[in-house]
Amino acid sequence: MVNVVLGSQWGDEGKGKLVDLLVGKYDIVARCAGGNNAGHTIVVNGVKYDFHMLPSGLVNPNCQNLLGNGVVIHLPSFFKELETLEAKGLTNCRERLFVSSRAHLVFDFHQITDKLRENELAGRSKDGKNIGTTGKGIGPTYATKASRSGLRVHHLVNDLPGAWEEFETKFRRLVETRQLRYGKFDFDIEGQLAQYKVLKEQLKPFVVDSVIFMHNAMKANKKILVEGANALMLDIDFGTYPFVTSSATGIGGVITGLGIPPRSIDEIYGVVKAYTTRVGEGPFPTEQLNAEGDKLQTIGAEFGVTTGRKRRCGWLDLVVLKYSTMINGYTSLNITKLDVLDTFKQIPIGVSYSINGNKLESFPEDLIKLGSVDVEYTTLPGWNEDITSVKTYDALPENAKKYLKFIEDFVGVPVEWVGTGPGRESMLHKDI
Ligand code: GDP
Ligand code: IMO
Ligand code: MG
């Protein structure tokens, strides 16, 4: 059985929390795309765990965890995150963590050029618009992957004669070509290569052929949960290009990032924040640059887990959710952070876009078009009640249930879970 958790908006919907809630029923949690640009916060018994690159399945001591071939890995950050989680009390992490031999490596020079490129964009473009990346080297690493000059895990851990020499040569060439492009940035090639000789030995015990790992697991009827990172509107093809990340963050990335057949996938859970947030630059039609947006930001404690940046806030956008559903084919939804709306008397929901009075059929591909859309809202009454201690779906206030029903009817997908607070216990389940 392979089930998938995917972000349906611009990220930070609360994917980590759903994974944590479900993980007790699974044998394996796998990440298939992205790197440590992700930030998944999980609160268990009052302890807060921040995951960036590692799968959230590590919180369950019985669960194995895989970083698939579609993930990009900065090894110093990988070990740092592992040590931080161990220090917080997670046990046997090293025996339960596996890394695909085909995953690409993120190096410090990727992170340096990520920042140089952002500075260049901020200075050069007409409106001074950089992407607002996390600076973790994600884009430059997928770029070297696509240009076929990247280095993968197997290149590093290979002990056959000549393998290390080839790694060194390719590494030097990568730095040199970047210095030709960006100018001679400060970089200690020899020091880095010495560091990677050590990291190579540290990494070896984690490395697997992930195609075999996944297929053996499926053959043995293991229960596998795929933890999506980033989100559909940040997808390199379907997101608000170029204000996106550099990987396939939707269902396609699950197939290519793990090497599993499409038909092996069972359920696809779409995680939807009850309103919308976005970190970084780029279009956001239902953004509220006003007191309502500030209120969502404050009550929702909307700060990025990876960069600490304030998240931009606005109303739920069902044009986005419908588009996201068409691509990912969610079988059910998890609406998160409904409690954040408790004190809003009226709650607008974006239901369509139009340009000069002409209604658009779907989410537009073009940013100039997107910049000129008028959003039509349907406003639903709030419930003006604290729902954080509600224990069952049926016990939710009527207006909260109407809000959820409106979403279900609009996108044609049932709501299966509702988040009413950050803790593990604050999640209501509805039989569907
Ligand atoms: P992810 O990247 O999709 O895993 O989401 P993040 O962890 O970056 O951001 C979601 C934030 O909302 C985290 O701080 C969670 O602890 C918190 N959270 C998740 N679900 C709920 C909920 O239902 N209510 C509230 N108030 N907070 C939630
Ligand atoms: P999770 O898994 C929110 C955004 C960045 C930036 C853009 C490109 O926590 O939902 P990158 O460093 O990937 O090249 O940045 O994508 N971004 C995210 N925003 N949540 C995420 O992950 C994100 N991953 C990338 O803020 O706008
Ligand atoms: Mg996040």
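Just so it is clear, glycine is given a Cβ too, placed from its N, Cα and C backbone atoms.
Please treat TrEMBL annotations as automatic predictions, because they have not gone through curation.
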Site co-member for IMP according to TrEMBL, given ASP12, GLU13, GLY14, LYS15, ASN37, ALA38, GLY39, HIS40, THR134, ARG148, THR245, ARG309, out of ASN119, ASN158, ASN230:
ASN230
Taking ligand 3 as the reference, state which of the recorded positions LYS145, VAL305, ARG311 have a Cβ closer than 6 Å to one of its atoms.
VAL305
Near the Cβ of GLY308 (substrate binding site), how many other Cβ atoms are there if near means within 10 Å?
9
Does DSSP put THR307 (substrate binding site) in a helix, in a strand, or in coil?
coil
Which three-state DSSP class does THR420 (GTP binding site) fall into?
coil
Based on Cβ atoms within 10 Å, give me the single least packed residue among the recorded positions LYS17, HIS40, ARG309, ARG311.
ARG309
